[in-house]
């Protein structure tokens, strides 16, 4: 099975999907209750699997197996399509990297307290996190690959250990808690959406599978089922162990990843369990940060080269790291906010774009062998949901929806 390309592609999709977004889930769903959290997760999973399968449909018309999404956008919408696809992906990666830097700084700032020392300044921690880990990205793929291999194994071990410690402490009463405000379910949607954003690797998977529609479909279904299962168990553990009222109270005082660690420690009475959650959170966040920043770094390199702009390592380093670092320094507790706006961009790239491409593909190629079920009705419904998700961060900002933690 390990040599099976379909299974290998499924693991690539799962690895891309599972990242720091799952760390935000307990923070954003603290006031929602486990039942509605489960419904939101399953609903968004189904929606993004659907949009992923739309890419499979569209890739039947690709001129080359490794054509990128931007190339397909140019094929059907001209140069403006390529520009929109490229910019939306780049800004999405910037928003994610800003979220990861703020989250990493939050965890690092609280680390000295584990050794009985005073907490580090949040802004200092943010700078240290960015400089130390960013150096691996500047070195290139080899630097990231070597570090990620070690950290990924550590992340799996830490996650298994967290579940081993938390699941036996799950209380049924905690799982039965109802939302403090049902509108929280809507407010959390963009943040949860980023946890299923595997669409950035569609070209690589299509090329690896030789353009096989059947293998591509199965890779998406298997590859997304793995993170869905992991997310459900993670939410079962956090919602089942952490009392809703106490969890919300602690997060109101510290709505960051460090607050999640503190909540785990205070509610369970176990300092050790709190630090295990910190270790897992740190590893998950670091691996996500490295992957996203490598994407930003290499994407900018290609963009600068295409338009004959200076693309030496120094210029690329400044262009890649300065925007998210500035956001993190001016808004050091903005982990959830950055993820929320990343969700807006994710909704465009992972929903609006594939729906638009599929619509044009069906008009120009009405006899393709594979077409996703649901017809145009499903396209319109998914499009409307995508537009609503894109509006949610603004509705929160304008006061029409409640703010989730962070």
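Just so you know, glycine gets a Cβ as well, placed from its N, Cα and C.
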Where Swiss-Prot places transmembrane segment among the ranges 251-271, 335-355: 335-355
Stretch in 119-139, 150-170, 279-299, 314-334, 335-355 most in contact with the transmembrane segment (7-27), if contact is a CB pair under 8 A: 279-299
Stretch of maximal Cβ-Cβ contact with the transmembrane segment (279-299) [cut-off: under 8 Å; candidates 38-58, 119-139, 183-203, 314-334]: 119-139
Two-stretch contact, the transmembrane segment (219-239) and the transmembrane segment (119-139), at least three Cβ pairs under 8 Å: no
Stretch-level contact, the transmembrane segment (119-139) and the transmembrane segment (314-334), CB cutoff 8 A, at least 3 pairs: yes
